[in-house]
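Below is one structure, written out as structure tokens; comments come after it.
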Amino acid sequence: MEAGHPSPDSSNEECTVLEALSGLACHTHTGKVTELYCSGCEVCVCEVCALGEHADHPTGPLLAALGTHRDGLQERLTAAQNRLPQISEALVSLREILQQLTNQRALIEEDIHISFEELHKTLDVRKSVLLMELEVTYGLKQKVLQAQLDTLLHGQGGIVDTCTQTEKALSGEARAASLQAERGLGERLRDLASQGLPFQAEENDQLDLLMETEGLRKSIHKLGTIITTSAVASQSEASGVGLEQCIVGLPACVTIMTRDKAGGPCRSGNAILSAEVCTPDGSVADGEILDYKNGTYDFVYTVNKEGEFSLALRLYDQHIKGSPFRLRVTRSPDPESPPTTTGAKRRGKSPGSKKKGSRRTGSALGTPRRKENPIEDDLIFRIGTKGRNKGEFTNLQGVSASSNGRILIADSNNQCVQIFSNEGEFNSRFGVRGRSPGQLQRPTGVAVHPNGDIIIADYDNKWVSIFSSEGKYKAKLGSGRLMGPKGVSVDQNGHVIVVDNKACTVFIFQPTGKLVSKFGSRGNGDKQFAGPHFAAVNNNNEIIVTDFHNHSVKVFTPEGELLLKFGSNGEGNGQFNAPTGVAVDVNGNIIVADWGNSRIQVFDGSGSFLSYINTSADPLYGPQGLALTSDGHVVVADSGNHCFKVYRYLQ
């Protein structure tokens, strides 16, 4: 290397800095330069300072102190730079939340305008009805009184005329020639004097208006509430035995306490919570979130096989503290202990051979009839694995089949609907995640309207969306009324049947969104539900609803009158461990997906058990939606196995 050129590995830069620093004069000792550093006082010192007033202090070469300082500065720089991706991610999340908040504000503003316009229309209609009732009532009373008045006036006129003629006759000279005429006047006077006339009023003058407006005014003052919470996921916590382990087939409970940004407890409910229990292979267990309206929530779930699971608890789509949690599911330590009312053991085995099963007695509300219906069933094909691509699913829920040979799947956790042919060939899919109209947050139910429109129940968005057959958004219904729509169906009149899982109510809407009727409430009575899931409509336009936690199936008129109830908790023929999907064939037979027992049962129209669908070759795990295809097969969403299956079904 040529002389005069420094080596690239030399400390030339450091020497320059040292020379510059060593050239600094000591302020205390004239002629001395600061070549040392007192770390105790954090000042540069000279040799005399180090031997004098800083003699007992830790001192060292200034260059070493400079290196240490720069190393620390570099560490802080790296730490600060590492925050930038976190800030960028947080900015994206906050902008998304802000956009969703803005969209939700616009949506609620629209709903307020629509609701009050409907109220105005309702008031105008009532006003017109009252005015019409007034005119009709007045007309009827006026007609009676006017007829009575006319009768009296006619009688009065007759008497006055005859009396006038008689008085004129009496004032003249009596003559034989007038005798006949006077005799006629006498007969007329006799008749008029005895004539029956309506002297008493045959109607009254009462026309009053009873308008109870005070209660209405009070209701209007309280009409509508803007619901929100200050809960944030980063501060909210979960507790309970259900966080760590549960027993196979028995319910476990986790309590969620929502908190605000400062860690203070929230005192109101209605926060948007979601919960999932997943196995390592992606299988999902079902459960229910209970809102106590005081900032606390319970997630009650049941797992039907042992193993390692993860429990994800999200608040506004963000994991709460500690989520996801590791969960171990084990067999009951006392296998002889009786099952609880909420769940049974693993599941009843679907019969491997053609098993007719024991005959159940008819429902108390139905007339049992003996009807032989031999059913030979087996798996034709299955479609799907866990994933997000076409033909892959994550927690598929609702199923529907169209008359033109299409199978529609509500792919819940992928926020879309996937469409296949009856032969299982993928056709298309549509859906964009979000909380704005036209977007899907958690699609759980799907149905096809006779006009071809696709109707989707969106559990988390709390409304039902209507799309064209090509997947183009058209409208939504039920916003502001629904709390957690799970299943949808369409009746003989083209009305949309919505099963609200949270409200435990069945709503019936016109496709325009107008509410036709509703029925049901939370409870275990005949006309009550506990987490209803799906519905089907038979040829009599009767609505068949699966009552999940009451382990039964109920049949209602469109007006909500109970016609039939069948099922109880258990593993026997005709018993259920949380029924989900339901369909009806052309003969009125009812096909039910038995979620907890992982099987499909078939009943006649009176609720009497007929047979099973044979699923033993490829067992189900947590079946959800169920439908009959246009070519007469049974299609079921095998949610736990992330696929749908099509079975041969001979009616």
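Cβ from N, Cα, C; glycine included.
These come from TrEMBL:
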type     : residues : note
COILED   : 84-111   : coiled coil
COMPBIAS : 344-359  : compositional bias 'Basic residues'
DOMAIN   : 21-62    : domain 'B box-type'
REGION   : 326-379  : region 'Disordered'
REPEAT   : 228-329  : repeat 'Filamin'
REPEAT   : 380-423  : repeat 'NHL'
REPEAT   : 428-470  : repeat 'NHL'
REPEAT   : 471-512  : repeat 'NHL'
REPEAT   : 516-559  : repeat 'NHL'
REPEAT   : 563-606  : repeat 'NHL'
REPEAT   : 607-650  : repeat 'NHL'
Tally of DSSP helical, extended and coil residues in the repeat 'NHL' (607-650): 3 helix, 20 strand, 21 coil
For the coiled coil (84-111), distant same-chain residues with Cβ under 8 A (at least six beyond the ends): 226, 316, 434-437, 479-480
Considering the repeat 'NHL' (471-512), which listed stretch of 228-329, 380-423, 563-606 counts the most C-beta pairs under 8 Å: 380-423
Intrachain neighbours beyond the repeat 'NHL' (380-423), with Cβ under 8 angstroms and 6 or more residues off its ends: 276, 281-282, 284, 429-433, 439-448, 452, 454, 456-457, 459, 467, 471, 486-488, 534, 581, 618, 624-631, 633, 635-639, 642-648
Secondary structure content, the repeat 'NHL' (428-470) (per DSSP, counts of residues): 0 helix, 21 strand, 22 coil
Within the predicted model, mean pLDDT of the domain 'B box-type' (21-62): 83
